Amino acid sequence: MKSINDDASTQDLDPQSDHSSDYLAHPNSHPQPHPHPRRPRGFAAAAAAAATTNSPAKGKKEREKEKERTKLRERHRRAITSRMLAGLRQYGNFPLPARADMNDVLAALAREAGWVVDADGTTYRQCPPPSHMGSFAARSVESQLSGGSLRNCSVKETIENQTSVLRIDECLSPASIDSVVIAERDSKSEKYTNASPINTVDCLEADQLMQDIHSGVHENDFTGTPYVPVYVKLPAGIINKFCQLIDPDGIRQELIHIKSLNVDGVVVDCWWGIVEGWSSQKYVWSGYRELFNFVRKFKLKLQVVMAFHECGGNDSSDALISLPQWVLDIGKDNQDIFFTDREGRRNTECLSWGIDKERVLKGRTGIEVYFDMMRSFRTEFDDLFAEGLISAVEVGLGASGELKYPSFSERMGWRYPGIGEFQCYDKYLQHSLRRAAKLRGHSFWARGPDNAGHYNSLPHETGFFSERGDYDNYYGRFFLHWYSQTLIDHADNVLSLATLAFEETKIIVKVPAVYWWYKTPSHAAELTAGYHNPTNQDGYSPVFEVLRKHAVTMKFVCLGFHLSSQEPNESLIDPEGLSWQVLNSAWDRGLMAGGENALLCYDREGYKRLVDMAKPRHDPDHRHFSFFVYQQPSLLQANVCLSELDFFVKCMHGEMTEL
């Protein structure tokens, strides 16, 4: 069977060839020999000689143009294929791998229709027991798959009695997968209110079709679903810059509310700017010790975040919790320790990954500084590790504690939905880029793109990110590979030491949700964030291979909102498509996955979408989140409906039958 990703181009017969034209005119006849042409003389001979001299160069140029046209056709075809596969994944929950081909699509459709497909491609249908044959009701839907939607479907119904059991028509063979078979819904269904034959459905949307296939599952019933632990994240400002607990009574009241919701535990940020805030290698943990004792009294589990970034500085105001003062003092003399944009502006939110192995921090490298703090924490709270109070440690790997470049900094003027800017212009990362270009044999590639726009540009406004832009030429692919590989190497270096510091404790890495411009070919915002994930490439697989190497858990930022088809989508967002790609890529590599909400408040529908993301209903492997982190400024101060949150927690625990 021909792969969906096979090369679409084929070599045609040369239209200028006499033999080919004869063959096309008389395909069943043998080509006749032609008499030798008369030898030209005089001026005609000179002209023929000049044409012969120029023809090789002209032919080579034409071949190069044809290659480029073939590449463009292939990219366009792959983009269409990607949208089709995304539609099947999004609306039908088909478990298609990240690089699916036509075999995967046919196998998924066949299994959905009740067939058995073995690994070697053998396809057959298991017959139901004879005693139940009469109770099956079948309705075949002959459909045409195109562009990610199923439209203008002709529905033929053969019904004697109505049940919700799925079967396939007897007359269909394994090859006739174009006919998708849908079990008849209950007679009280709102969509099919009588048992009379239904001849046609003018417009049956893909999401409606897939919902009908899975109509046997009650949408709002979460009883018996897997138990997903829920943690509540405590506010960042509960400990001051001198590592003192600010409001013990307020913290006690907060924990009382959390405990009343039957939440499993809490998440606490341990800020580098507080713990090692004033002097190098002098760590103060007193405020965190007092806070952890409160958590212990309430018998809650504890997840701790090693926060190596600043807090509250993603706007024009001063940072609430900055990097350590001694690091900022070093930065006054050597500003290249911070990420830098093309205009030379420094971002002090976190340290540049270019100094991971440079001894510029009072004799220590970047990763040694991170390791020393993690080792100090492990030693200081050894008793809490021993009794199991600390269930996991999250390691911050970039801006906002997420594994990404600080490409969307509001203090630099970025506003949603800008594409952001590349952050690779400090001297250490520039040296790394020059070294990579030299190894590639193209030293002139040792530069950042000069047509990538600015923080608030849109993809089509730039020469680099626009459709058929430079992001997909030889230089663009080289630069983006180096840029993303720097992110991967940073994660690898830090996690190697984190696993050494925390031994058998679960380690968590937070992955961002860069969902805007996801429906464009370049995925511009993801590229500036460090994920080389255009339409024709999977940019998350290399990252997750490193996470699997260190056996860490991936925590994904969940948005919890849905964009309906009636709403404008000017920034071409696709939260569902991004979530599907990230989670399935992680699960396919055997990673444990967790989640954390991005927005501060949700209605009941938002909670339901979070539960559906945490525990996918139709996943054939029954994969689900290993935990979920709910974050709010404070359950006491924020406008939080505790009854709604209680519903959410019970659904995550598999105790609630209706949401």
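Glycine is treated like the rest: Cβ placed from N, Cα and C.
Taken from TrEMBL as is:
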- Glu402: active site, proton donor (ACT_SITE)
- Glu596: active site, proton acceptor (ACT_SITE)
- 1-14: compositional bias 'Polar residues' (COMPBIAS)
- 59-71: compositional bias 'Basic and acidic residues' (COMPBIAS)
- 57-204: domain 'BES1/BZR1 plant transcription factor N-terminal' (DOMAIN)
- 1-74: region 'Disordered' (REGION)
Pairwise CA distance, Glu596 (active site, proton acceptor) versus the residue listed as 'active site, proton donor', rounded so that it is a whole Å: 12
10 Å Cβ neighbour count around Glu402 (active site, proton donor)? 21
Looking only at the domain 'BES1/BZR1 plant transcription factor N-terminal' (57-204), mean pLDDT returns 55
What are the DSSP helix, strand and coil residue counts for the compositional bias 'Basic and acidic residues' (59-71)? 13 helix, 0 strand, 0 coil
Other than its own, how many Cβ atoms are within 10 Å of the Cβ belonging to Glu596 (active site, proton acceptor)? 22
